[in-house]
Amino acid sequence: MLYRNLTEKLWKDLKINDHICPICDLELFLDLHCETNNNDHHTSQISVNQLIVRRGQPFNITLKMAKPFNPDSDQLTMKVVTGKYPSEERGTMSRFGVPDKVELSPCAIAVWKAELQKNSLPETGMLALTITPPAHAPVGEYKLSAGLKAEENELAELFVLFNPWCSEDWVFLPNEAERQEYVMNQHGIIYKGSDQYIHGLSWDFGQFEEDMVQICLKLLDLSRKHKRDPADDVSARCNPIYVGRVVTNMVNKEDANDGVLVGNWSDDYSRGFPPTHWSGSYDILKQWYTTSFKRVSYGQCWVFAGIMCSVMRLLGIPCRVVTNFQSAHDSNANLTIDKYYGDFLVRPKETDERVWNFHVWVEGWMRRPDLAEDGRYDGWQALDGTPQELSEISAILKGDVHLKYDVLFVSAEVNADVVSWLVNGSKVEMFSDTKSVGQHISTKAVGSNERVDITNTYKHTEGGLSQQTESFQFIPVKLFTLVMLVNQNTAGMTITFESTPVNGQDVKMKLVLRNEGSSARTLSIGVSVQAMTYTGRLKENIKNEVIEKELLPGNGDSFGVICFTFACKCCGNQVSKSLFVFFLRLFKISSLFQVPDEARVDQKMTFKVDFKNPVNETLTGCTLTVSGTGLVQSEEIIKYVGKCTLLVDFDCASFRDIKKINYKNLKNILVNSTPLPIAGRSKRN
């Protein structure tokens, strides 16, 4: 008689919960102990209904058989498989059992183990088993089968992730505070702005949101590598280096893949959302997943990095987002960025080499025995969605640009020299800047919202780095450059503001010159103002002006240089040709975000956002978007404990996506499954 005909009393004695899987062809029942196992494996925030474990760490299951089990004469054989083409030789199938006498392939790798616990009652058919996947098992979805002798039947599905808590796993991170930050934290900060005006953008990684396991594994399955050789791809998922590269490729939509997000660095976002719209990864990944993997529009470097960080953390690879200010993009691998200026300082041609105000990538923590067996390159690895390669941070610091992947490109991003040339019939070098590239490389601190400067992990100090940082809320308008060239040497030259820059008003800058030579000097001062993007790409020429001025020996003079209506920041480099470059800073805005002290289940939460219009015009097309992992929930009831973040985004036709955050500490509060009134996108004109 099959065991599905158990009496009601025996079912109660088994203490089997709702996760029981009866198998009709076998006289046994299974309890996966999902909630207990997931809690032990740090995956309970993902689910308590699906078994999600980490490799290299044991988990417990209970088998109830219809007849007694004798370990001396009976053989319980178990099997796990992953992928469509499982193989013991590839580590995608493993046969094991109790007792440990299952015959294996001579070439079997990634072998699982099972042990009979002391509290088992084999004479009653009750088997309490401890199963351990190896620390080098491929990550992914597995099917578990079991049977007596040669007979096997599928019992359950489970998911296996990387394990930064396991010392044998290549992603092992020894510090618990860092594991909590780089694996478990669903909220972070991505830094933007410029090297002198750094500001943080709050970002919801949401790696433990609904369906994120399925979303991330589907992302791996749709990669070009999987389509080309699915058996080899699934086998290679034992390696975090390989998985990191696949994720890097798949977050960026290309013609040859089914990637998630389309990049767009133009001003036309009519077929999607501008990159500044996004406040988190989950909305993007969920849209991609629920629309049959149709690309999402649009993103730029910080959005790609946010998505990558979410996927890496879900898979169990410690990950953090990193921003490099004054980031060089070297197209010819010579560690030099060339800038060309023509008459009146207008650049006569665009090149593929530019210096971005900032560029964002991620770092994943893993061992690198492929680079050196002594562990010298283990640790943080740079993964950049734009070049779609992976680089070892220690190799960049040591200058080992001969190593594989993209060490040379990232080395240029943080170490390139910038050479400015004057092109007027001939090419004359005006200035060579060896220090400005690679400034204030930043990431969020462990356990707090402070910024940490990690520049010294990428490059050696060049005369010291200023650590002064200001926090701003910015209206994301265009950037501009003001370039000045004085073609005679002077002993002194400075630029000052006549008034504090205020939006909507002229900004007056004063050029102060002093001639300490013995003879009069006639100066020809060229002024050029050009619109540019944060990536260093010129958009249009705004103003060109040439000023002639004579300075007597020992005398000084000052005069207004230019007036325009955007806020500015000023930095200068005094050289023989006196080339000055200025970047226009975005202005601070005034807003207030108030939330109640306490949030309760099944009750509406009211909050208030005050925004002051900073311009002398009526704002149109206004929208207010609210998001927050653990606070804005629309489908299932999930228990959250700890700090959660509520984020609002104000958008209008005049400027894009002003964001404000507030933190809520949830203590065992269930978020209501009914959509809150604040969820989604509401429009106010």
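Using the three backbone atoms N, Cα and C, a Cβ is placed for every residue, glycine included.
All annotation found in TrEMBL is predicted automatically rather than curated by experts.
The domain 'Transglutaminase-like' annotation in TrEMBL covers 293-387.
Counting Cβ atoms from all protein chains shown, CYS301 (active site) has 25 others lying within 10 Å of its own Cβ. As annotated by TrEMBL, active site applies to CYS301 (among others).
Under the heading active site, TrEMBL lists HIS359 (among others).
Positions annotated as active site by TrEMBL: ASP384 (among others).
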Alpha-carbon spacing, CYS301 (active site) to HIS359 (active site), which is rounded to whole Å: 6
Cβ neighbours of ASP384 (active site) where a neighbour is any other Cβ within 10 Å: 24
Number of Cβ atoms other than its own within 10 Å, given for HIS359 (active site): 25
HIS359 (active site) to ASP384 (active site) - Cα separation in whole Å: 9
